[in-house]
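Colleague: Dropping the structure in here first, questions after.
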Amino acid sequence: MIIRKIDTWKILFLLILISSFLLHVVCEDDFEDDLDDDDDTSSGQNFRNNSAAIQLFSNLAFSQFSNFSCVFKDDINEQFGFCITDVDADWNEAFNFSKDTNFLANCAKTTKGDIMQRLCTAAEIKFYFNSFYKSGGEAKKASFLKPNQNCNLSSWVSGCESGWACSVGKNKKVDLKNSKDIPVRVQTCLPCCEGFFCPRGITCIIPCPLGSYCPSAKLNKTTGTCDPYGYQLPPGKPNHTCGGADIWADITSSSEVFCSAASYCPSTIQKIPCSSGHFCRAGSTAQQKCFRLATCNPMSTNQNITAYGLLLFAGIGLLLVIIYNCSDQALATREKRKEQSREKAVQSVRDTAQAREKWNFAKDIAKKHAIGLQTQLSRTFSKRKSQRQPDLTRGVSQAKPGTDAALPPMSFGTSQQPKKKEKGNLTKMLHEMEDNPESHDGFNIEIGDKHTKKNPPRGKQLHTQSQMFRYAYGQIEKEKALQEQNKNLTFSGVISMANDIDIRKRLTIEIAFKDLTITLKGKNKKLLRCVTGKLSPGRVSAVMGPSGAGKTTFLSALTGKAPGCVMTGTVLINGKVEPIQAYKKIIGFVPQDDIVHGNLTVEENLWFSARCRLAADLPKQEKVLVVERVIESLGLQPVRDSLVGTVEKRGISGGQRKRVNVGLEMVMEPSLLILDEPTSGLDSSSSQLLLRALRREALEGVNICMVVHQPSYTLFRMFDDLILLAKGGLTVYHGSVKKVEEYFAGLGINVPERANPPDYFIDILEGIVKLSTSTGLTTKQLPVRWMLHNGYPVPMDMLKTMEGMAASSGENSAHGGESAHGPGSEAHSFAGDLWQDVKCSVETKKDHLQHNILKSIDLSQRVTPGVFKQYRYYLGRVGKQRLREARTQAVDYLILLLAGICLGTLAKVSDETFGAMGYTYTVIGVSLLSKIAALRTFSLDKLHYWRERSSGMSSLAYFLAKDTIDHFNTIIKPLVYLSMFYFFNNPRSSVTDNYLVLVCLVYCVTGLAYLLAIIFEPGPAQLWSVLLPVVLTLIATHDDDSEVVDLIADMCYTKWALEAFVVSNAKRYSGVWLITRCGSLYQNGYDLKNFGPCLVFLGLTGIVSRAVAFICMVTFLKK
């Protein structure tokens, strides 16, 4: 919206023109004709003395112009729609004298009934205000007007002076609509009536609006001026006295006309001091009652409602304390529910374990009984049956009771089984025999073969049953002991039991790569070259090598994260050419840095990762078991409920933090686990503990590959495979760890005694240890020997190195790559190097965009939770983090509170500008403080987001959860600020309007802060947050007549926020403030109808900025 440049005094001219039209109806009334026809002096005298006639005249006159606004409603809406929204309402608030028409009666009495002949016509008002405008809009400078036919050098009657007016004559009609001709008005000059004002240089009167006080002026003999208006008597006219008011304009030019503060004016000729318990602002027509807790002394200009602000702030503080304490209770309840979930998971594990053991026991019994039955049948049809049967019976009868020998032959196998689950079947069998002691089925009831002992002899039956009772009772005692042992089992014991019996099948991933070469775009520098090998499931592979060998590059290439590089060669996933990103959901990547949320506990970090990355259909108890298994295997049980900690706040140790970093990937049960230096910074025992946990993962079919620096010999022997890289990304060895020393010994490189083999090999590749001349090899030739040893194709330049023909080329290859342009490529110009760098940067950014935006197919066979579920998980995590940052939030609120006190005390909302200055400081202060606080939402969690995003978590859920939690600040911060600013300042606008504007403003600047936090680093983002509101406010409040600047100002959120504040305050000013309101709004380009659109614009700015911030967050990731 381009600001319309119309001066206040042009508005004044139009408004007074309308006010003059209101009397046109009266002039055309028949009652006026009756008065004009009565030209007799005695009739005028009778009219003056007849109070009933005067009152009747004044009431009839008012009734004629009370509905005058409807005649010019269309013109007013067209010309003054920006400051007058309801013509009838504003007109009544300014010129509705129905409550008190005494000033009309008094004026009619003073002028002897010719009040209609003294009213200004359109031509006179136009003439006056044109001259007034040319004087610069200052009333005191408009002392001399352009001469007219009534007031000129040759004719200057008393009515031309300030506060005086004349009549056109009793028998003359006046056309008030005539805007061209000024009527001759020089008869019966009198002082201006009370309740009217008479400008200097014209000889007519205009009624004062409601809220003004226009008494007759009195001469101040000391100063020689007519108080309270300040004009002087004309020199040389001793009979001339002070008249009435001489001007009505804005409050800065005609403050004498406004009803002064601490008083109220029910009519334009009456002013009453404000009583105790009430307050009266400037331009008031009635006194307003103070609130109960406010203090209002007699003649108060405003009520002191600071107590309400303190109560509001105390209420907000109490609410926050309650929320904080209840949140602790909620977290405690949540922990109890987690404990119950763990207990249920334990019970589930026990039940599952018992059921599996019982099933295995039953299968073993059935199998052994089947074997025993087959043996008995074969013996039955044997010729030696008659000889062996008595021996068998004798052996049984002679067995010692209560021992295993007393059992039938088929039960020997079961007595030797140490499994504790056989007790369940025995107990069941015992109860059945106790309930039916006459049963003839005997022990075969568990086999299902009821025909073997269908009709046994009675004595044998009793003998067998007694043996079984003795055996069963003995097993019951064992069962009771085992049950007691189960009760005393630790959670780790149960988890171990669960791991032994319930191992879910994972999708295995085998990665085979041949001639894998990675070249940096734009520079043709090879970071990895001719790497061939395979990473197999169920094995732990270690990648070692000196610095610059491309170890991290190799891992990044395996996970498909090599932006800005060209990857050549063949990479097969499970024997197929498939993109590794298709298995993103089951690939875990542990970065070198410990990217863990410091304000969450160990268990909370692991549990969140498990909920978001495990299969959505996996039962909660199973997820609990996964998390507990990882906690137990990584040795994190003692610190499971401890905060991880940050740099500022101490938490767990560095080794424990490193293990948590690894655990975040282990809890999602990956099929491929890539680790970048997980043992760096760990002592030997912690490293072994970590590696044992990883080896246990490998037993479940996980393919594990990790970069390791200087492992101990014990740790080194725990690996299955070794990938040894030389500088330049060349393979020196790739095979079993057990055969690495044998391979190098075949090359004549023997590890000295008491030397750690991996350290010795890396020292050789680094050049610290020189190879013996007896080997006939150099360090640069070791990759070629490996390729020849395995029959891999060798590039020609590497063969030359082997032959010793191109040492310089080999040197180049050993130090990070080879240029494609040959030896002459070193002589590049600066422009060429710059162009290559720019080209490389563009290619890298392009790869970033393709990697982040384009989605590949999903072959992981795992359906993780959707966006809504992840949103719920993120919401719980972010809310928990904010509760633990309550001290920081309290500091934000305290600073905002102090800002409200300072601005509310110092930047008062003045009536002249409708609080524009105070609200300007409010927009700057609230924007600045809210932006700086909102920067923490995303700027501190970039690394965590990048890691979670790369693992397949939802970016939308992450962003929406952060924004949802910030809505709490969007609601509370305006209340905190207003509790001091509004109640110290007490503007005329309502608390609701101010609160709505502040809510929209905070929502808007929070979105902008998101954008700054995501695009810039923390330092530049804070600088932009400080400069942006100041610069945009200066643009929004500029005074230059520049369309370009106006267009930019219309795009600034500060302009719309300031307009909403000013409009909400300006619409509370009416009556005598009408000209001031219209003039101020015109000069600033504001519109009363823009309050709603301003709020909508602020809201849309917040939404758009959030959308842009989200796009930037997804698109522009870590370099």
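The backbone N, Cα and C atoms fix where each Cβ goes, glycine too.
According to TrEMBL, the feature signal peptide maps to 1-27. Residues or ranges marked as transmembrane segment in TrEMBL: 305-327, 890-907, 919-939, 995-1016, 1095-1117. What TrEMBL lists as region 'Disordered' is 376-423. Taken from TrEMBL, the feature domain 'ABC transporter' covers 511-753.
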Colleague: Taking residues 6+ outside the transmembrane segment (1095-1117), which of them lie with a CB under 8 Å of any CB in it?
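Modeller: Same-chain contacts beyond the flanks: 848-849, 852-853, 938, 945-946, 949, 955-956, 959, 963, 996-997, 1000-1001, 1003-1008, 1010-1011, 1013-1015, 1053, 1056-1057, 1060.
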Colleague: To the transmembrane segment (995-1016), which of 305-327, 890-907, 919-939 is linked by the most Cβ pairs under 8 Å?
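Modeller: Most Cβ pairs under 8 Å with the transmembrane segment (995-1016) come from 919-939.
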Colleague: Are there residues at least 6 beyond the ends of the transmembrane segment (890-907) whose Cβ is under 8 Å from a Cβ of it, and what are they?
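Modeller: Contacts of the transmembrane segment (890-907) (Cβ under 8 Å, skipping residues fewer than 6 from its ends): 313, 320, 917-918, 921-922, 925-926, 929, 933, 969, 972-973, 976-985.
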Colleague: Looking only at the domain 'ABC transporter' (511-753), report the model's average pLDDT.
Modeller: 87
